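As given in TrEMBL:
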type: DOMAIN; residues: 505-616; note: domain 'FAD-binding FR-type'
type: TRANSMEM; residues: 208-227; note: transmembrane segment
type: TRANSMEM; residues: 254-274; note: transmembrane segment
type: TRANSMEM; residues: 305-328; note: transmembrane segment
type: TRANSMEM; residues: 358-378; note: transmembrane segment
type: TRANSMEM; residues: 399-420; note: transmembrane segment
type: TRANSMEM; residues: 440-460; note: transmembrane segment
type: TRANSMEM; residues: 472-502; note: transmembrane segment
type: TRANSMEM; residues: 736-758; note: transmembrane segment
type: TRANSMEM; residues: 779-800; note: transmembrane segment
Amino acid sequence: MGQLWSLFGPTGPRSLQIPIDAKVVEAHNSHGWTLASPRSEVALNLHVHLTTVALTDQNDEYEWNVEGARDKQYSAAATWEAMRPRDGTKEWAKLIWFKGHIPKMAFTMWVANYNRLPTRSRLASWGMIVPKECGFCSRMEETREHLMLSCEYSIVVWQHIMLRLNPTEREILRRERGYMEIMKSNNGGSSPSPGDEFKDMIKVVTKFLMMVIFLGTIMLWIMMPTLTYRNKWLPHMRIKFGASTYFGATGTTLFVYMFPMIVVACLGCVYLHFKKRKSLHIYRETKRGGVLGALRKPMLVKGPLGIVSVTEIMFLAMFVALLLWSFITYLRNSFATITPQTAAAHGESLWQAKLSSAALRLGLIGNICLAFLFLPVARGSSLLPALGLTSESSIKYHIWLGHMVMTLFTLHGLCYIILWVSMHEVSEMITWDTKDVSNLAGEIALLVGLAMWATTYPTIRRRFFEVFFYTHYLYIVFMLFFVLHVGITFSFIAFPGFYIFMVDRFLRFLQSRDNIRLLSARILPSEAIEFTFSKNPKLVYSPTSILFVNIASISKLQWHPFTITSSSKLEPEKLSVVIKCEGKWSTKLFQKLSSSDQINHLAVSVEGPYGPASTDFLRHEALVMVSGGSGITPFISVIRDLIATGKNEKCKIPKITLICAFKNSSEISMLDLVLPLSGLESELSSEIDIKIEAFITREKEAKSESEATMEKIKTLWFKPSLSDQSISSILGPNSWLWLGAILASSFLIFMIIIGIITRYYIYPIDHNTNKIYSLTSKTILYILVISVSIMATCSAAMLWNKKKHGNVDNKQVQNVDVPSLTSSPTSWGYNSSREIESSPQESLVKCTNIHFGERPNLKKLLLDVDGSSVGVLVCGPRKMRQKVAKICSSGLAENLHFESISFSW
């Protein structure tokens, strides 16, 4: 029958369920052939033919036949000699073809890729007296692009190559254009400038320093429970940092634990500033296969942890191992010193002494978790984007750490309560020692933490979101009394993450003070609202970013995150978010906007946008986006961004398949938001190759024309206020550098002020004994200085940037008349048979298939997508995310790369 590849084509391995390089033994066992059941006539013929084949029990062997000569080993030389065309040897061959000096193909392409070929244009730029014209055609300047792609001679060569590959005319054009994009992707087709090389060097150095400092901090955590740390390292650090008259004993933890993490955060700001967005064309080359691709695949799909990748499981296991190592080492070293005699000396029995030691160590282990607790929720921090994480995707890490913190601290408190009850010292529970640990402060912190912990359970959080939201503001009380409980000296071990969070939180507070100009609100039949804000053209954000919105007339305290659906490339002066009516807050907003046509203005405040530092969608050949209900919103921004990329940068865009499921046909109006109202003039097919599969699960057939025409999109236009401003970055265009400057300067100001206060006020009283001056007073003093330094530096940076950029970027808008209400029918009412005015929208409707009364067969839809690298993004209900993750991790298709987007935890 010949080769299986010629019979089945590229989909053969998938349809037969065998590897592409499978041997006979892999498709056969003692019971017979193990191929998949035939689903086509070709597969049926194969099965019939295999019944006539008698197999032996010998091993498979390859046999190479080259011009009648049979050999069990492959010879590239013999194969080439048999394939290559023969001709007589030319007289000039030895003059230009030096054996031993022929550069390899890989080396030549590497040199060409970095534009290092010695073309005439480059030789002339070096000062050599040579003609710049091409040596083949003598018409154009001999550059790399001309010599390899545009020259008449090169075109003929490429045509011969393409004919040998036997592609269609369209495939020829695609391959030729794709090769040109790859060639031009490095430095835009020109040599890297000294400035670019300097920036690359800074990025490498900063990333290396961040890694070294962070690993050094982790090493301290690992060594802290050991006797080596306690008997050798700690005394040396106390002599070097803790004997100063400017910082006292606090200097040890301040410089050893606090200072390094602030440096890492500052270096992260420098790294992100110099990290220019990687050329989008290069991503096609950087496909994450092999080990790296396997580490990103989902490992756990169901369970309390949610969808977790192999990498996340590895880091979680290492973190748990650190906790176990610390606890076991602490107990082993402490129990070794506890004897009946030492216990009796403290008025305790042996078990009470061990319980006291275990309780203390549980608190120490809890501090490790607390040190990382606030980092995932510092939305504007440099640490998350430097690691390739977003604030939304990191929420689950905050949840994990929160459960660990409260579990350990609860056990810590319970152990001490049992100890005090057994020793008849219940009065210890209300003791506030100003020279040592304050028990009462710790109990207050624990009670507040338990209140926050209780409201995090899914049932309470989803049904009573306001309770969860307002209770979480108690983190301020929790951290305040935690610091008062352990003292400022020890709290600096777990304080760096909270310090970074405090800077981020105050910057968000400053941004939220401005009223933002709301241009319009589109009310969809699906009870969804699209808000369109005025935006500073210099503000750039990535697809799938989110914006936190507060509407004082609905609730002054509640802030809700919503996905940005616009693209900063396609709509530089506008920013849009979609709000689905699903909770009390959104329901009140929908009722307010839909019930009245006379709303001229709506006061709105925002925080953000927050999103990934960069995206790598273009590294895939195809992109599949699976959504359920309002989960389509992040993909709207992805599609718009890809349209803008294809339009502006003229690069190859991956083929897009959007699979969206809706409960009823009114929700399909969400597809009207896929394209912006303005910014596209040509047909969509010229920008992007897209296919939409929409599934209406609860309706069997399309609505009638009369019913469909009643479903209109209502648009409210708001009048601007003189106090309204456009959405912009609070720290200006160079926000990362400003954030690094704030972190560094606030910490420096804090150390200077504390150094002066300690040297000239605390030290003359206490003399570094930590027994005279009140520990509570010292802790409150430190907290006040930290707060003042953060507020002063953040406010100064904000005012400076507002003064420098505000007059230009945030011009006050004039109070002009705008239409208060307009309405338009949806594009998806009744089989899209009517004429649509917008040409791009009409193209989108033609690319859409609507299925009624069925759910998407995700397995079939995903496995049918062709491409060596297929990105799979999913956003929707938990079961949908789990199903897609299971398919991508099952091994049925190695080309599927999974990524989940979740906004509900």
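Cβ atoms are placed via backbone N, Cα and C, with glycine included.
Within the same chain, the transmembrane segment (472-502) stays apart from the transmembrane segment (305-328): fewer than three Cβ pairs sit under 8 Å, each pair at least 6 residues apart. When Cβ-Cβ distances under 8 Å to the transmembrane segment (779-800) are tallied for each of 305-328, 358-378, 736-758, the top count falls to 736-758.
Listed stretches 254-274, 305-328, 358-378, 440-460 were compared with the transmembrane segment (208-227); the greatest number of C-beta pairs under 8 angstroms is found for 254-274. Away from its own ends, the transmembrane segment (358-378) comes close to residues 221, 225, 322-323, 326-327, 330-331, 334, 384, 389, 391, 394-395, 397-398, 401-402, 404-405, 408-409, 411-412, 415-416, 419, 482, 493-498, 500-501, 504-505 of its chain (Cβ-Cβ under 8 Å, at least six residues beyond either end). Beyond its flanks by at least six residues, the transmembrane segment (440-460) meets 399, 402-403, 405-406, 409-410, 413, 429-432, 467-468, 471-472, 474-475, 477-482, 484-486 of its own chain at Cβ-Cβ distances under 8 Å.
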